[in-house]
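Q: First, the structure itself, so that you have it in front of you.
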Amino acid sequence: MVCGGFTCTKNSLCALNILYVLVSLLLIGVAAWGKWFGLVSSISVVAGVIGVGIFLLVVAFVGLCGAMKHHQVLLFFYMIILFMVFVVQFSVSCACLALNKDQQSHLLEVGWNKSEATQQDVEKTLNCCGFSSVNYNGSCAAGCFKSSASPSCKTCSNIIQQYAGEVLQFVGGIGLFFSFTEILGVWLAHRYRNLKDPRSNPGAFL
């Protein structure tokens, strides 16, 4: 049977959802590993990543079940959910690629001020103190702050902004790639729903 028929479309849809399962398990595993080894202490960040992984896992299982059983209802909801995810992810990816340096700085500062746990993680990892200024009368998790009686530390904004552009470009590129796999999944699901199962009754259309 040529590619584009019932079996080929079914196998392509299954393979795509298996890829989503692997990506979701990777997200959950990386988040749990980071929390377990103390690389990330912010519960909200870990919970967010794990939540995204679980959501993707559920969507992938819906797609797999719909593909294996040629289930019209599951495939319909799979199409709707995947299309909404595509719209959100495509928009966020384009925004990441379009941000200029001033917008990046503002976004980083907003994120910095939202969580003290995230601040400590960044200070400890990058060996820096404060976002735009160092308060030597306060506290800081960086090694440079505790290394001597008169510490000298860089601000975290200077270090973060060195890599922020590259990270946003990378995240935007990965997001665009997966957004196109999602629209591919929507197309495959729509096509598969309207194909007749050759093993069924020739007079029936599932």
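Here the Cβ of each residue, glycine as well, is placed from N, Cα and C on the backbone.
Whatever TrEMBL says is automated annotation, not expert-curated.
Residues or ranges marked as disulfide bond by TrEMBL: Cys129-Cys144. The transmembrane segment annotation in TrEMBL covers 12-33, 39-64, 76-100, 167-189.
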Q: CB neighbours of Cys129 (disulfide bond) within 10 A?
A: 25
Q: For Cys144 (disulfide bond), just count the other CB atoms lying within 10 A of its CB, please.
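A: For Cys144 (disulfide bond), the 10 Å Cβ neighbour count is 16.
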